[in-house]
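Let me begin by presenting the structure, written as structure tokens, before commenting on it.
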Amino acid sequence: MDMQSRIRRLFQASIDTKQQAMDILAPHIEQASLVMVNALLSDGKMLACGNGGSAGDAQHFSSELLNRFERERPSLPAIALTTDSSTLTSIANDYSYNEVFSKQIRALGQPGDVLLAISTSGNSANVIQAIQAAHDREMIVVALTGRDGGGMASLLLPEDVEIRVPSTVTARIQEVHLLAIHCLCDLIDSQLFGSEE
């Protein structure tokens with residue numbers, strides 16, 4: 001297969017996964033946006049975490065809220081728990097890498113805040129511990145997962161929301177996670193500041 005054919009095949013695989021996910025995920029993304037907007041209207045904040053590409057997604061989400069998405073508007077409170085290398089490495093060194101997010105949540109999280117927990121497999125131990133810490137702090141969890149939801153899915157409470165991408169391919173799951181994050185940002189803005197359509 002030549003390279004351009006391979007590129008077209010990858011584009012098509014991404015399109016197919018998004019089309020398959022669209023109707024499945026729409027109600028879950030809507031529910032997650034309602035949870036987030038309710039928290040923001042109640043003076044809550046968003047915390048976000050994940051590893052690797054999911055850490056990048058957590059930072060992307062946080063930056064879109066803190067700065068802006070596609071319109072001028074006031075900044076919204078969001079913290080990516082993946083960015084402070086001194087905090088991450090001190091917790092990993094003194095305790096365990098599995099606690100790098102949970103210790104931050106126990107310090108920063110308040111009842112009514114929302115944790116956006118991101119893992120393509122749903123099995124990242126430090127994200128699982130983050131969910132447990134969020135529940136201890138009476139926070140609501142929005143989980144971005146894939147595959148079968150992994151250990152994260154089994155921890156979620158009735159008020160939590162899982163956005164589980166119907167795929168087993170990590171790259172496709174990540175692509176849909178980014179789209180879901182953009183949908184959340186759009187829905188948050190439209191609910192708080194009115195639709196621009």
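Backbone N, Cα and C atoms are what each Cβ position is placed from, and that goes for glycine too.
The structure displayed is predicted, hence computed values, not measured ones.
Taken from Swiss-Prot as is:
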type    : residues                                                                         : note
BINDING : Asn51, Gly52, Gly53, Glu64, Asn93, Asp94, Ser119, Thr120, Ser121, Ser124, Gln174 : substrate binding site
BINDING : His60, Glu64, Gln174, His182                                                     : Zn(2+) binding site
DOMAIN  : 36-197                                                                           : domain 'SIS'
Residues with Cβ closer than 8 Å to the Cβ of Glu64 (Zn(2+) binding site), same chain and 6+ apart in sequence?
Ile181, His182, Cys185
Taking only the Cα atoms, work out how far Asn51 (substrate binding site) lies from His60 (Zn(2+) binding site), in Å, as a whole number.
13
Give me the non-local Cβ neighbours of Ser121 (substrate binding site): same chain, 6+ apart in sequence, Cβ-Cβ under 8 Å, ordered along the sequence.
Thr145, Gly146, Arg147, Gly150, Thr170
Cα separation, His60 (Zn(2+) binding site) to Asn93 (substrate binding site) (Å, whole number):
26
Between His60 (Zn(2+) binding site) and Gly53 (substrate binding site), find the distance joining the two CA atoms and give it rounded to the nearest Å.
10
Counting Cβ neighbours within 10 Å across all chains shown, tell me which of the binding-site residues Asn51, Asn93 comes out on top.
Asn51
Using a Cβ cut-off under 8 Å and a sequence separation of 6 or more, which residues in the same chain sit near Gly53 (substrate binding site)?
Thr120, Gln174
Let's check the environment of Ser119 (substrate binding site): how many other CB atoms sit within 10 Å of its CB?
29
Where Asn51 (substrate binding site) falls in three-state DSSP terms:
coil
Would you mind pulling the DSSP three-state label for Ser119 (substrate binding site)?
coil
